[in-house]
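What follows is a single structure, written as C-alpha cells, with notes after it.
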C-alpha cells in the first residue's frame, strides 16, 4: 500500500470553511487513487494534513479531483480552497493551486501547479482533454452581451448578486463601500443639498458645503491654478480654429508669454505650444437636469510651455468653428471672460476624462481583457497565471457600475450634462477612434509630443513602472515561449487575442490592435499594456478624481448656459448661473469622493499572495519585480520632498493590482 500525504490550505476569508464533506482523488501518469474522504468534518474544516492510500504508485502526479459533497443533514455551504499539496512516498512535493470559492456539490479538477502552454501538453491526451473541458465550461459560464451600441461587449450578468463568488467583492470590501456611500449620502441629504436646485450664491460656498471636501491637493490645485487638462498634445488638425499659424494672434495679446512682440509661429517651431482639443464632444447630445437643458461644447485650448516648465493656457476657443460668434479668449480679456472660458475647457475635459480616459480605457476595455482570459485560457496557462491577479474585482465593479453609476438611471445620468444618452454616444465615438498606440504609454507620449515634457510626473513615474513591468513580463514570457513559433502555434493564445479584438475593439482594424500574435516581442508589449492599464493607468485617472474635482469649478460636470458668443458679457452672476446647480454639484462630488476612497482589501501592485506560479524561475522574477517597485517607490518619495505639491498617484504602494473601484 502506497501512502500520500495531503495538506489542504483553506483561505483566510470569513466563512471560508465548510460543513460539507471533502474528498480527493489523485491522478498520475500510472493511474489514479480511490476517492478518499478527508476525515475532518464540520466547521473546523479549515486546513489540515491527511493520508491517501493507493494500491500502486501513481507515478508523476498530473491533477487532483476535489469532491465537495453533502454531509449528513446539514445544508450546503461554500468553501474557499487556497491550495493542496501532495507529498509522494519518495518525497516529491506537488502543489495544486486553487485560490477560489467552490460552490455547490461538485467535483473540481486542479492541475499540478507548473504553468503549461498548449504545446507542453501535446503528448498527453488526458491533459489536453482537461484543457478543452475546462475552457468549454468557462465559455458556457462567462457570456458576453451588448450593453449599448458601439460599446465594448461586457459580461452578461445583470447584478453583482448574480456574479460567481470568485468575481464578487469580499464581504469586508462590500461593507466598507456601502457604509461610506451611505454616510456621505446621508450627510448631503441632512443638509438639504441633494434636493436644492438653486445656483450657488458664491463660489466659496462650494468648499463649505461638504465635510469631506477639503484636501491638500484640491486647495493647492485651486491656489496654484495649474492650467493643463489631462491630455495636452502637439497633434494639430488642419481645420482647428485656434491652430498656428492661422489665428491672428501674437504674444502681445497672450501675456504672460516671455517675449512680447514675437509671433506665435516661433514658439510653435520650438515645440513650446500644446493643444487641448475636445473635438470628440461635437454632436454629443445634452440631457436635462432639474428641469433645465444642459449644454455641451467642444472647446480648444492653446497651452504654452514657459521657461519654468509650467504649461499655461494662452488662448481658448469654445467651439470648433472659428468666426464672429466664436471669439478667441485670451488672458488679457476681462477676468470673468477668461475665467468662464477656462471653466468651459474644464467641463470639456471632465467629459473626456470620465467617459473615455477612465471608463472606456481602464474599465470597459479591461473587462474584455478579463473575460477573454477567463474564457480562452485554462488555469494552467502561463498567461492566465500572469494576468489573473490583475483581473481581481473588475467584473464586480463594472457590473455595479452598469446598475448604479453609468447605466440608465444611474448617478451619472443624474449629475452630468451628457446623462446616459450622451455618455452612450460619446463612449461609442471614443471606441471608434481608440487606437492600440494610445493604450501603450511610450507610444502615446511620443504621438502626443510630450515624451520630453518637463515636470510631467505621470510621464516620469509611468515610464519607470512601464519599464519594470516590461522587464518582468519579458522574463516570464521568454521562459515559457523561447521562440516566435511557440507564439504562433498556441491555439489558446490566438483564440484569446482574437476574442479581445472582436469583442473589445468590435473587429475594427483601423484601431491597430492585434487580432493575432506572431512574435514574443509582440506578446510582451501587449501584456505590458494590459497590466499597465488595469493598474497604473487606472490609479492615475481614478485616485485623484476627488482631489482635482473637490473644487467644483475646476471640474464642472455640466454647464447650464450656452457658451458666450461675444466678449465682455461674463459676470460672476452669469458664471454662477452657468456652473452646475447645488444638487448636481453634490451628486457629482459624491461620485468622485466615493470612487477615490480605498474600500479595503486592496492588493498593491506586484503583491501576489496567491501563488499561482510554483516554479523557481517565475517566483524569482516576481521577487525582482517587487524589488524594482520598491526602488521606484523610494525614488518617488525623494522627488516629492522637493515639490510644493507632491505627485503620489503612481506611488506603487497606492496602486492596486487591478481595476477594482
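Every residue, even glycine, has its Cβ placed from backbone N, Cα and C.
According to TrEMBL, the Ca(2+) 1 binding site annotation covers 15. With a cut-off of 8 Å between CB atoms and residues at least 6 apart in sequence, the same chain places 77, 78, 80, 171 near residue 15 (Ca(2+) 1 binding site), listed in sequence order.
Residues annotated as Ca(2+) 2 binding site in TrEMBL: 39.
Positions annotated as Fe cation binding site by TrEMBL: 358, 363, 538, 661. Of all Cβ atoms in the protein chains displayed, 23 besides its own lie within 10 Å of the Cβ of residue 363 (Fe cation binding site). DSSP classifies residue 363 (Fe cation binding site) as helix under the three-state reduction.
Note on the domain 'PLAT' (2-116): DSSP counts are 3 helix, 63 strand, 49 coil. Residues or ranges marked as domain 'PLAT' in TrEMBL: 2-116.
For 117-661, the entry in TrEMBL reads domain 'Lipoxygenase'. Looking at the domain 'Lipoxygenase' (117-661) alone, the prediction's average pLDDT is 89.
Annotation comment: TrEMBL describes 101 as site 'Essential for stabilizing binding to COTL1'.
DSSP assigns residue 358 (Fe cation binding site) to a helix in the three-state reduction. Long-range C-beta contacts of residue 101 (site 'Essential for stabilizing binding to COTL1'), restricted to its own chain and to partners at least six residues apart, with a cutoff below 8 Å, comprise 78, 79, 80, 164, 165, 166. Long-range C-beta contacts of residue 538 (Fe cation binding site), restricted to its own chain and to partners at least six residues apart, with a cutoff below 8 Å, comprise 358, 362, 363, 366, 656, 659. Excluding 358, 363, 538, 661 themselves, the residues of that chain whose CB lies within 8 A of the CB mean position for the Fe cation site are, in sequence, 359, 362, 366, 397, 541, 542, 595, 659. Secondary structure from DSSP puts residue 661 (Fe cation binding site) in coil. When Cβ atoms from all protein chains are considered, those within 10 Å of residue 358 (Fe cation binding site) total 21, not counting its own. A helical conformation is recorded for residue 538 (Fe cation binding site) in the three-state DSSP classification.
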